[in-house]
Amino acid sequence: MGTNLSVPNPLGFFPDHQLDPAFKANSENPDWDLNPNKDNWPDANKVGVGAFGPGFTPPHGGLLGWSPQAQGLLTTVPAAPPPASTNRQSGRQPTPLSPPLRDTHPQAMQWNSTTFHQTLQDPGVRALYFPAGGSSSGTVSPAQNTVSAISSILSKTGDPVPNMENIASGLLGPLLVLQAGFFLLTKILTIPQSLDSWWTSLNFLGGTPVCLGQNSQSQISSHSPTCCPPICPGYRWMCLRRFIIFLCILLLCLIFLLVLLDYQGMLPVCPLIPGSSTTSTGPCKTCTTPAQGTSMFPSCCCTKPTDGNCTCIPIPSSWAFAKYLWEWASVRFSWLSLLVPFVQWFVGLSPTVWLSVIWMIWFWGPSLYNILSPFMPLLPIFFCLWVYI
């Protein structure tokens, strides 16, 4: 098959075949299959630069002849020597003067002895200079000085290296707060159901609570009144009970917040001035004296009658709103003033008060715990508000 001239091979890409332009052999153009200058098979895949441009030269020679350029062979031409220099000076020229350090490295000018000693107080940098257990009078290694100075300069000029310990501690706090908040949220969501169970248990003292909305004709199985399905007639009553419970919880939170703000002195309510009216038609009260220090709350309230002098009463720094409510209730209900001596006497008997409290806790403790246990998740929230507000 190697001498079969009937097999066309236009560009010579098949191994062991060359293109015969006349499709016959003669003395000037021998059979190309017998050409001793042809390439072997591994060389046929080589990409050359020649007659057809980069990578387009046929591997066995182009159609333009057997010249080196046609076959993609490059001839190295020696470069012409440079012309003789006309400069009379020969040899190495002197090195030019370097620009000042303050122009090339301005950050290095900030590194003076004061900054060096301040940085030396850092425990991390101090460990590079003095060995463990050594003193400041020890020998300082030059290599450590160089590294410390360069690292300190780079720390001033380059980007700071992030401290993974600070990043981890910074992320740990929000994650713990998120976990605690989610835990409290799940517990708070159980408060309405627990209070609903306690509410319905009051109707079944000593027995198992059973929904009263089901009857013999309904297809609803026996269930608790706190878990009524939507098709049960008692479902609407369960929703009403839980809505009332939510309102009570919201009211409890608002009362606690009001008490906390009043205790902190953030409710500067003007007390009732003796002899003044409690209605809106009474004398106009205006706070004229600012509070002591930098507080924005006033310290006293004044009223000025049309035919008299100005009367000012100081505002309590704490429990101002509570005292205002007590004064208002004492004006409306005169019998409350009779309880003041009794309360003062009872508070003055501290041993008796403590014994009474201990006895009440011992006697009513278990039942009070069953009643107050649903409100336990609210205690951490109240505690955080009390501490941080």
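The backbone N, Cα and C atoms fix where each Cβ goes, and this holds for glycine too.
Features reported for this protein in Swiss-Prot:
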{"type": "COMPBIAS", "residues": "85-95", "note": "compositional bias 'Polar residues'"}
{"type": "CARBOHYD", "residues": "Asn309", "note": "N-linked glycosylation site"}
{"type": "TOPO_DOM", "residues": "2-242", "note": "topological domain 'Intravirion'"}
{"type": "TOPO_DOM", "residues": "192-242", "note": "topological domain 'Intravirion'"}
{"type": "TOPO_DOM", "residues": "359-364", "note": "topological domain 'Intravirion'"}
{"type": "TRANSMEM", "residues": "171-191", "note": "transmembrane segment"}
{"type": "TRANSMEM", "residues": "243-263", "note": "transmembrane segment"}
{"type": "TRANSMEM", "residues": "338-358", "note": "transmembrane segment"}
{"type": "TRANSMEM", "residues": "365-387", "note": "transmembrane segment"}
State the non-local partners of the topological domain 'Intravirion' (359-364) in its own chain: residues 6+ outside its ends, Cβ under 8 Å from one of its Cβ atoms.
none
Helix, strand, coil residue numbers for the topological domain 'Intravirion' (359-364) per DSSP?
6 helix, 0 strand, 0 coil
Per-region confidence, the topological domain 'Intravirion' (2-242) (mean pLDDT, whole number):
63
